[in-house]
Amino acid sequence: MAGAYDANLPAVPDWLNKGDNAWQLTSATLVGLQSMPGLVILYASIVKKKWAVNSAFMALYAFAAVLLCWVLLCYKMAFGDELLPFWGRGGPAFNQGYLKGQAKIPETVRMFGNGTKEREATMPYFPMATLVYFQFTFAAITTILVAGSVLGRMNIKAWMAFVPLWLIFSYTVGAYSLWGGGFLYHWGVIDYSGGYVIHLSSGVAGFVAAYWVGPRPQADRERFPPNNVLLMLAGAGLLWMGWSGFNGGAPYAANLTSSIAVLNTNLSAATSLLVWTTLDVIFFGKPSVIGAIQGMVTGLAGVTPGAGLIQTWAAIIIGIFSGSIPWASMMILHKKSTLLQQVDDTLAVFYTHAVAGILGGVMTGLFAHPDLCVLILPVPNTNGAFYGGNGGKQLLKQLAGAAFIATWNLVSTTLILLAIRMFIPLRMAEEELGIGDDAAHGEEAYALWGDGEKFDATRHATQMQQFERDQEAAHPSYVHGARGVTIVL
């Protein structure tokens, strides 16, 4: 170790573990790649062509806006000193003295009834800068997931106002309550890596946002084919592979728990994908790529609440249920519920994230293994109901935690959108909805024509006429074919 930890190297203090720091930065990068470019690509390709740019931009904007808000105010609201039992005291997190110090989660201190300390604050072996960035990537992907419910009609200016407000008044509350030392954390509700903080909250918030923004035009609801299936798979692949950092980085160390979590995460995703695909074949006669991606996502979301706390056979069981229960809720329950059909959740975020998240949280309350829980959880004698002891109480805690997160997101998202609506229309105008990207951004995804609609030759007439004149002048052998395509004779 000579040299790497030499006393003359002030950049490597005694408490810094290079392995943990390297893994945490790698995990943060993997989670960041899930959003940028993962969800940017997935959103851009899974929607109709006329919404490709708008959908990608909503994800891109959220990633950038969340980072700035995170270091200015929100990190300490989620992981700082207590302001309320469910909220931290906000403040900036960009002072060099603060960022180069050892990472610490102050409210993870646990006290006995007589006032003495039962457990010291969690202090990972890497600097605060690493922790701030790692937790930012979780905040960013949660906000981007909400966008999936309102793609194809939300006013981009309303979305730009929504992102920082939702981060401040919704996400930070769930993060502090379950991770940063809030009341659910100390009570013992298990949310290993975001089944509640990320998936349940984004699914409920997305569903509520879809209700207030309103549905897409009827033509888009009836026919909304992906514009690029292969690129959609590329985005989904980044999402899947990035989940190793998502759940593998949750213990804040390259330890036993992180290794178990990575294996369980990938196994649950694979199982869920296969179950969803099998159900598609049984009921619809053929496998669907979109269905396979949805099954992958539900498997990942379902295992997240307990990825490092369950045995591998339990991860397979969670994968089976994650691939079947959200499928049934989307394919059967949705068609029988008038309320669910009224809400236009574009990418079915409610089913793939909220349903899968609460399912995973409940199953963690069943299958959390006591030997694995003791490695990481702050509350002693914690285990799932399957192993007896306090397991029955743990299951009830999981249900209560889910109820709090769902209720908070329902109320906070509603109030935020109603406040924005006073100044900015939540939904694009009807004429803009008919045009899509060009109306919202003055840009289009592809130079090629084709979206199933009639080609509108009046749009960009001046530019098209000038282009035609330039082509004819430069290449007299060019003539114009159908639909504005230039053909070389």
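The backbone N, Cα and C atoms fix where each Cβ goes, glycine too.
If you look up TrEMBL, you'll see 22-446 marked as domain 'Ammonium transporter AmtB-like'. The average pLDDT for the domain 'Ammonium transporter AmtB-like' (22-446) in the predicted structure is 92.
Annotation comment: TrEMBL describes 22-44 (among others) as transmembrane segment. Within its own chain, the transmembrane segment (22-44) has Cβ neighbours under 8 Å at 52-53, 55-56, 58-60, 62-63, 124, 126, 130-131, 133-134, 136-138, 140-141, 144-145, 147-148, 151, 228, 231-232, 234-236, 238-239, 241-246, 248-249, 252-254, 258, 293, 347, 445, counting only residues six or more beyond its boundaries.
When Cβ-Cβ distances below 8 Å are used as the criterion, the transmembrane segment (56-78) is approached by residues 35-36, 39-41, 43-44, 87-94, 132, 135-136, 139-140, 143-144, 147, 151, 154, 156, 159-160, 163-164, 167-168, 171-172, 175-176, 179-180, 441 of the same chain, each at least six residues removed from its ends. Among the features that TrEMBL reports, transmembrane segment is placed at 56-78 (among others).
Remote same-chain residues near the transmembrane segment (132-151) are listed as 24-25, 27-28, 31-32, 34-36, 39, 43, 47, 51, 54-55, 58-59, 62-63, 66-67, 70-71, 74-75, 78-79, 93, 99, 159, 163, 166-167, 171, 175, 194, 197-199, 201-203, 205-207, 209-210, 213, 246, 249, 345-347, 349-350, 353 (criterion: CB distance under 8 Å, separation of at least six residues from the stretch ends). The transmembrane segment annotation in TrEMBL covers 132-151 (among others).
The transmembrane segment annotation in TrEMBL covers 158-176 (among others).
For 196-214 (among others), the entry in TrEMBL reads transmembrane segment.
Positions annotated as transmembrane segment by TrEMBL: 226-246 (among others).
With a cut-off of 8 Å between Cβ atoms, the residues of this chain six or more beyond the transmembrane segment (252-276) that come close are 17, 19-20, 22-24, 103, 122, 124-126, 131, 192-193, 240, 243-244, 246, 291-292, 294-296, 298-300, 302-304, 307-310, 312, 314-316, 318-320, 322-324, 327, 372, 375-376. Sequence annotations record features per position, and here TrEMBL assigns transmembrane segment to 252-276 (among others).
Look at TrEMBL and you will find 288-307 (among others) tagged as transmembrane segment. Within the chain carrying the transmembrane segment (288-307), a Cβ under 8 angstroms from the stretch's Cβ atoms is held by residues 42, 46, 190-196, 198-199, 226, 229, 232-233, 236, 239-240, 243, 246-247, 250, 260-261, 264-265, 268-277, 280, 314-315, 318-319, 321-323, 326-327, 330, 348, 351-353, 355-357, 359-361, 363-364, 367-368, all 6 or more beyond its ends.
Proximity of distant same-chain residues to the transmembrane segment (313-333), defined by a Cβ-Cβ separation under 8 Å and at least 6 residues beyond the stretch ends, is recorded for 263-265, 267-276, 279, 283, 294-295, 298-299, 301-303, 306-307, 340, 348, 351-352, 355-356, 359-360, 363, 367, 369. Under the heading transmembrane segment, TrEMBL lists 313-333 (among others).
Outside the transmembrane segment (354-379), and at least 6 residues removed from its termini, the chain residues within Cβ reach (under 8 Å) are 108, 110, 119, 122, 185-188, 190-192, 195-196, 198-200, 202-204, 206-207, 251, 255-257, 260, 297-299, 301-306, 308-311, 314, 317-318, 321-322, 325-326, 329, 385-387, 389, 391, 394-399, 401-402, 406. Sequence annotations record features per position, and here TrEMBL assigns transmembrane segment to 354-379 (among others).
For the transmembrane segment (399-420), same-chain residues at least 6 beyond its ends with a Cβ under 8 Å from one of its own Cβ atoms are 158, 161-162, 165-166, 169-170, 173-174, 177-178, 184, 189, 191, 196-197, 200-201, 204-205, 208-209, 212-213, 354, 358, 361-362, 365, 426. The transmembrane segment annotation in TrEMBL covers 399-420 (among others).
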Beyond the flanks of the transmembrane segment (226-246) by at least 6 residues, Cβ under 8 Å: 26-34, 37-49, 52, 138, 193-194, 262, 265-266, 269, 289-290, 293, 296-297, 300, 304, 445-446, 451
Long-range Cβ neighbours of the transmembrane segment (158-176) (under 8 Å; 6 or more residues past either end): 58, 61-62, 65-66, 69-70, 73-74, 77-79, 86-88, 90, 107, 135, 138-139, 142-143, 146-147, 150, 182, 196-197, 201, 205, 209, 213, 405, 408-409, 412-413, 415-417, 419-421, 423-427
